[in-house]
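Engineer: Pasting in a structure now, in structure tokens, and then I'll have a few things to ask.
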Amino acid sequence: MEVYNTLSRKIEKLEDIVDGKRVKMYVCGITAYDYSHIGHARSAVFFDVFRRYLEYLGYEVVYVQNFTDVDDKIINRAVKEGKTQKEVAEKFIEEYLKDMEALNVKKPTYQPKVTEHIPDIIEFIQNLIEKGYAYVIDGDVYFHVPAFEHYGELSKQSLEELNRHRIEPDERKRDVKDFALWKSAKEADLKAQAVFDSPWGRGRPGWHIECSVMSAKYLGVPFDIHGGGKDLIFPHHENERAQSFARFGVEPVKIWVHNDFIRIKGEKMSKSLGNIVRIRDVLQRYEGEVLRYFLLTAHYRSPLDYTEEALERAKRAYEYLRSALINLDMEIAYLKTFGDRKEGNQVDVEDYIRRFEEAMNRDLHTPDAIAVLHEFAGLINKSLYELSLNQAEELYEAFKRLCGVLGLFEKMERVPALSREDAEKVVERERARKERNFELADAIRDEFAKRGIRLIDTPKGTRWRVE
């Protein structure tokens, strides 16, 4: 399996980097101050697929995604609404978790919150001060960027270029690039009850230190994969790498992986442009798995253009895959109820599995993997009424497993075989239809419907599914 490493700017073989069959993975979560948007959804869904594929390959994945529950934006909203930092953060964490459930994103192994790790953060900062990488000014603690010689390597920017960035201007800092590890309490922090005791006075942690602390606590250093959106490369991940490298003296992360943006009418989605699309709003019009499917239709390192037309195309494509799986399952239930048929032509399931894996091994190329699934669905539809029970089961298990790598159709219930009594009623209904006794045929159909079973008439006889 090959993955693009942002640090090296190269495609690298995962097997050459990961030790054994255990992968440790950290992905930056949301800052919980507002409803989450489809940019958050893209990152969450992609890294969920990354995790699922690693598990498909036989790896045990320890997956950590944090919640930033104390931050300037959270505090500003809390003050504006007359609430505490905790009240604001907990509300939007809860909303985010609802969105993730709708998108069928698996729960991470750990979901730590910043406020639960204040002692760990203080200890980490103290270590950086002792090693000469950080300094204290009037209750604030800053990381001194020039003390870390590898700064800029992740974002591929020189120190001269970085001097031109606006980075927390403060004339007290030793260098314009220095960034906050700990912020002394301000009036807004006190109003929002977002202050914590520390050796440097009451205050709260800076943004970047949080992820260094929590990734090290739950995964150790070094760990295998660090993920996030492309917008986090600088300054967040650059600063995070500097902190962790300075603290532990080793490259903290083996592979840095970043997904690209979602665009609205050719522009990056952002609050400043007023073009934010919230997950919850899309979910009012589309099933969660349709949105999930859409988010996987572009390669993760390419921008994804969001339009209603694109979502409608995704819906139709998703339903094509789903109907193939349902039809196959109905056929399996039919064969179990009314008896097997002789094997038809041999079906090469392994070819589809191989090509799906080739696509995913090629830097998680989900569009190509989806294309293989559509070919597979075409085969299912073409051969549906020629399969033996064994062949149908083999196709079902293979197709369902590959779709599961993308997080699709996992909650779909199997179509049951009918009892002998119900099978006789189906035969009676088919006879009634042939005799044009539609009143009896409809009565039998309605009786099944009352029990949640929908009878479906096909050119090859009656099939059914549970509603």
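The backbone N, Cα and C atoms fix where each Cβ goes, glycine too.
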Engineer: Motif ''HIGH' region' per Swiss-Prot: which of the ranges 19-29, 30-40, 184-194 is that?
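Structural biologist: From Swiss-Prot, the annotated motif ''HIGH' region' range turns out to be 30-40.
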Engineer: Any idea which of 228-232, 268-272, 428-432 is down as motif ''KMSKS' region' in Swiss-Prot?
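Structural biologist: It is 268-272 that Swiss-Prot annotates as motif ''KMSKS' region'.
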Engineer: Give me the long-range Cβ neighbours of H236 (Zn(2+) binding site): same chain, 6+ apart, Cβ under 8 Å, in sequence order.
Structural biologist: C28, W207, H208, C211, G228
Engineer: About how far apart, in whole Å, are the alpha carbons (Cα) of K271 (ATP binding site) and E240 (Zn(2+) binding site)?
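Structural biologist: So the alpha carbons of K271 (ATP binding site) and E240 (Zn(2+) binding site) sit roughly 24 Å from each other.
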Engineer: For K271 (ATP binding site), what is the secondary structure by DSSP, using just helix, strand and coil?
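Structural biologist: For K271 (ATP binding site) - judged by DSSP and reduced to three states - the answer is coil.
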Engineer: Against which stretches of its own chain does the motif ''HIGH' region' (30-40) lie, if we need a Cβ under 8 Å and a gap of at least six residues from its ends?
Structural biologist: 67-69, 71, 73-74, 76-77, 88-93, 95-96, 99, 207, 229, 261-262, 269, 276-280, 282, 291, 295, 306
Engineer: Does DSSP give E240 (Zn(2+) binding site) helix, strand or coil?
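Structural biologist: In the DSSP reduction, E240 (Zn(2+) binding site) maps to helix.
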Engineer: Which state, by DSSP, holds C28 (Zn(2+) binding site): helix, strand or coil?
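Structural biologist: Where C28 (Zn(2+) binding site) sits, the three-state DSSP reduction gives coil.
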